[in-house]
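J.: One structure, pasted below without further comment.
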C-alpha cells in the first residue's frame, strides 16, 4: 500500500515536471479560486514593482538635489486646490480674487511682482512707497522669491479676515479695497467700498503730510542757520 502511494506521488511529480512545472488546481478549490490563487503572485509582484519604481524615483530626485542637479519645488509652484485649502472663503469669493489677481498679473507668468503690485495699489487709489510695497510682499512671501503667487495673494485675505494685519498696513488697505464689488453688493456694498476707499486715501494723505512736515522742518532749520550766519557777519562788521 505504501509502495503504491509513493509510486503515485513520484508519477505525479514527473508529470508536473514534464508539463513545464504548470500548477494544477489545488485540492478543495474550484476553477475560479484556483485561477485567483495563480494570479495573486503576479499582482503582488506588480504592486511591489510599482512601489519600487516610485521609491527609486524619489531617491534619484533626492540624489540629484544633493548634487545640485535640478531645483527644489517651491510652495508657490506646487499645484494646490484653493477651494479645499481656503475653506473660509466661498467659491465666488475665490473666483473674484482669482479674477483680480489675473487682472494685475500683466506679465501673465502667474505672479504679481513689485511693479505690478505698485500699479495695483495706484489703481485702487492707495499708492505705496517702494519700501511699503516690498514690506507688503515680504509679509506673505513664503518662498522668498520677492513676488506674489496666487496662493500668497489669497493669504492676504486670510490674514485680513483673521485680523492679523495692522489697521493702516498696505495689505490691509488692499484687502479692504478689493473685497467689495460695487456692481454686485448694491448700495450697502457701495457704501462700504467708498468708506474703505476714503480710509485708504486718508492713510496715503497722512503719509504725504508726514513728508511735507519733514520738508518744512528742514527748510526752517536751513533758514535759521542762514539767519545766524547773517547775524554773525553783521556782528563782525561792527568791530572793523
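Heads up, the Cβ atoms here are built off N, Cα and C, so glycines get one too.
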J.: Which of these, 98, 116, does Swiss-Prot list as part of the Ca(2+) 1 site with 105, 109?
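T.: Between 98, 116, Swiss-Prot records just one in the Ca(2+) 1 site with 105, 109, namely 116.
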J.: Where Swiss-Prot marks phosphotyrosine, which residue is it, choosing among 83, 104?
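T.: Comparing 83, 104 with the record, Swiss-Prot tags 83 as phosphotyrosine.
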J.: Out of 105, 116, 143, 152, which of these binding-site residues is nearest residue 11 (phosphoserine) by C-alpha distance?
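T.: Minimum Cα distance from residue 11 (phosphoserine) across 105, 116, 143, 152 lands on 143.
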J.: Check the Cα-Cα distances from residue 116 (Ca(2+) 1 binding site) to the binding-site residues 143, 145, 147 and tell me which is shortest.
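T.: Nearest in space to residue 116 (Ca(2+) 1 binding site), counting only the binding-site residues, is 147.
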J.: If you count CB neighbours within 10 Å, which one among the binding-site residues 145, 152 has the smallest count?
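T.: With the binding-site residues 145, 152, fewest surrounding Cβ atoms within 10 Å: 145.
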J.: Out of 147, 233, which of the recorded positions is least crowded by other Cβ atoms within 10 Å?
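T.: If we count Cβ atoms within 10 Å for the recorded positions 147, 233, the smallest count is at 233.
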